[in-house]
Amino acid sequence: MTDAPIGIFDSGVGGLTVARAIRDQLPNESILYVGDTTHSPYGPKPIADVRRYSLEVLDLLVEQGVKLLVIACNTASSAVLRDARERYAVPVVEVIQPAVRRAVAATRTGRVGVIGTVGTIASRAYEDAFAAAPDLRLFPRACPRFVEFVETGVTSGDEVLRVAAEYLQPLRDADVDTLVLGCTHYPFLEGAISYVMGEGVSLVSSDIETAKDVYRILVSGGFERHDSAPPTVRYEATGLDAEHFLRLAHRFIGPEVSQVDLVQTGVIDLSL
């Protein structure tokens, strides 16, 4: 069990931010990453579909023998976390609570913005997560085109800045001092988001805090990897275009992603 990989899943390349943070903090751990590019993006899809897609990918990871699951997707975290923790015998880590924890520590004024996909914002998952900090005022905002930009490799330029300004102006008007990047794709747009929000606004993402949660669970459970052999890091995608995923991975996290394998998930009937 200790030598088994950590399983990480996202709808596409956004979860690579989380995978990179886990590799930085736990360099001896093996990783198996799956991007569900067949169904990406998750954000605009009905929650029932997101739930089914997510469980199909998580089933695939468990079948491949992972020792811990990371749902590196805010939309999936909001849709399937409870199901996943009931369904699987391995620990399940999500990305919403880690971001909330960091935002609560970062804010000075108690005015916190959160941006995410339509699905994440509509789920009110962040409102629920921030409920334990009643002195904070939360300003949620859906930014649906941000995932589209990242998944097509566009992270800068006039159109990105124009769309970012349109999405973020209400948060500037609300005078937030902390902005939660409530989608793991959004750190790839951090330059544009930071430029639009201006100095004095702290941007909070879940990647580093999620990696801390993974570290804590592995150490406290006594199943961190001690093998002296180099760890393995594998990347899989459910879509038909592994080369596209590979190009984006090279651009965003570097040439260490040398291969992407295509995989197929099973089909789950959640009506049973």
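Just so it is clear, glycine is given a Cβ too, placed from its N, Cα and C backbone atoms.
Annotated features in Swiss-Prot:
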{"type": "BINDING", "residues": "Asp10, Ser11, Tyr42, Gly43, Asn74, Thr75, Thr184, His185", "note": "substrate binding site"}
{"type": "ACT_SITE", "residues": "Cys73", "note": "active site, proton donor/acceptor"}
{"type": "ACT_SITE", "residues": "Cys183", "note": "active site, proton donor/acceptor"}
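Positions of the features from Swiss-Prot, shown on the structure.
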residue	record	DSSP class
Asp10	substrate binding site	strand
Tyr42	substrate binding site	coil
Cys73	active site, proton donor/acceptor	coil
Cys183	active site, proton donor/acceptor	coil
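The full span of the recorded substrate binding residues, Asp10, Ser11, Tyr42, Gly43, Asn74, Thr75, Thr184, His185, taken as their largest Cα to Cα distance, is 12 Å. Cβ proximity to the substrate site centre (mean Cβ of Asp10, Ser11, Tyr42, Gly43, Asn74, Thr75, Thr184, His185, cutoff 8 Å) flags the following additional same-chain residues: Gly12, Gly14, Gly15, Ser40, Pro41, Cys73, Ala76, Thr117, Thr120, Val147, Cys183.
Thr75 (substrate binding site) sits 8 Å from Cys183 (active site, proton donor/acceptor), taking the Cα positions as reference. Ranked by how many other Cβ atoms sit within 10 Å of their Cβ, the binding-site residues Asp10, Gly43, Thr75 place Gly43 at the bottom. Counting only the Cα atoms, the space from Cys73 (active site, proton donor/acceptor) to His185 (substrate binding site) is about 9 angstrom.
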